[in-house]
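According to Swiss-Prot:
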type: BINDING; residues: 25, 128, 174, 316, 430, 437, 438; note: substrate binding site
type: ACT_SITE; residues: 175; note: active site, proton donor
type: ACT_SITE; residues: 380; note: active site, nucleophile
type: COMPBIAS; residues: 481-492; note: compositional bias 'Low complexity'
type: REGION; residues: 481-524; note: region 'Disordered'
């Protein structure tokens, strides 16, 4: 059903909604069942790298509690779940000639089967920042284009081969801007490289982020090439990339600030979106960086352009933009939340970079659709309530500021689709669970479900209840065959403030192992052809 065919004030019947997570933020079990280290394992244990000094060794223990998390998704009534695969759980040493870890394959295969059995569509991210440590040690990871592209494409091919019979929605990368700028520019994310010698013993913030971004684009594009040439014809499905970027509003009506807002969008979004969808880097980035911005060969550009079936949009806030900034990572634009009259743009979140401003969400949807002309999936969007981590449980569950945020965003989403004609096909709230929030440790909470990190009990917040009611009320119904209706999972009513602890849903927690047919889907397959094929189409 198209958006235009849906009833008034309804999203189309095939609209996907759900929640998102990332492997390192929730799984824990970092040294279990053959998993290799990622760059975040040791980095998060370096004193001062996380606000609370904690790491991801346990996180929300979802490697062991994934059935409980699936129960929670069913209780919320979601149609889809976006999660990421840990590269070093699949290929512990990461490389194209390194062995595949069958225990890692089985873990994700079982999760995918369980989701499908409960009527939930898996929406899978291949890379959410957890590069195998071995690849960083061998050749500095994303800084070595020739090596990393081959290794990433082989990893992607393994996932397509082993899971592609069941996964029909793929994301190659999560937020390349963060990979590049926060990991190799500011040095606050793994691997923590920066020109600031107080922060990092090595790195060059003036060159490395742009090299890394270039490598990420090429790895994405060649993985998509592999998918389209080797898998799409037989298995169908969609593949794309998810890019972060917040709406940029001019601070006032002055020409220089209007131009500054566009420059902010060029660097935050256009850096990656323009080559992928339009076939070239933004002119402003070329002007700003000169020869520090790598160039694509004609052969590479032919692979890069058009290498995403849709636009994966991660967004959280809106920035007011002034000309005259000195931060290249922001396009030499100054960001502020303070209007000319001294008022704030919106309610402040716990993190300083986020305020609630729903109109900007609608503006960004319109901008992306008009500029890139691709269907949009909102792959991440959420809010961190101020000081939520220090609140008593009952108070934390009444997350009014997060509810207000989602009320505004969902209203803007509906208006963008129904009034503006934007083709939005899905929405994923961030996040299903409170979790390891990277450099913030566990202090900043984005979940619609409260996690007691001492007991690992899960407690739905009011925001989760709101979304679980809003989307069913605003998605058009589609008739289903009687047989299919019988198979569909019926979500239990979601009660606010109810604890979901390990084993509380005994029927599901005691779920037997997947049937032999399901196990066969995760069985070992030949991979030698991937290496030969990858080398051939990369010209290496």
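Every residue gets a Cβ built from N, Cα and C, even glycine.
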Whole-number Å value for how far residue 380 (active site, nucleophile) lies from residue 25 (substrate binding site) (Cα to Cα): 14
Cβ atoms near residue 128 (substrate binding site) (within 10 Å, other residues, all chains): 24
Winner by Cβ contact number (other Cβ atoms within 10 Å) across the binding-site residues 316, 430, 438: 316
Residue 175 (active site, proton donor): tally of other CB atoms within 10 A of its CB: 24
Whole-number Å value for how far residue 430 (substrate binding site) lies from the residue listed as 'active site, nucleophile' (Cα to Cα): 5
Recorded positions: 380, 437 - member with fewest neighbouring CB atoms within 10 Å: 437
Residue 438 (substrate binding site) - helix vs strand vs coil (DSSP): helix
Chain-internal residues, separated by at least six, CB under 8 A from residue 174 (substrate binding site): 22, 84, 125, 127, 128, 129, 242, 314, 379
Three-state secondary structure, which DSSP defines for residue 430 (substrate binding site): strand
Conformational class of residue 380 (active site, nucleophile) under the three-state DSSP mapping: strand
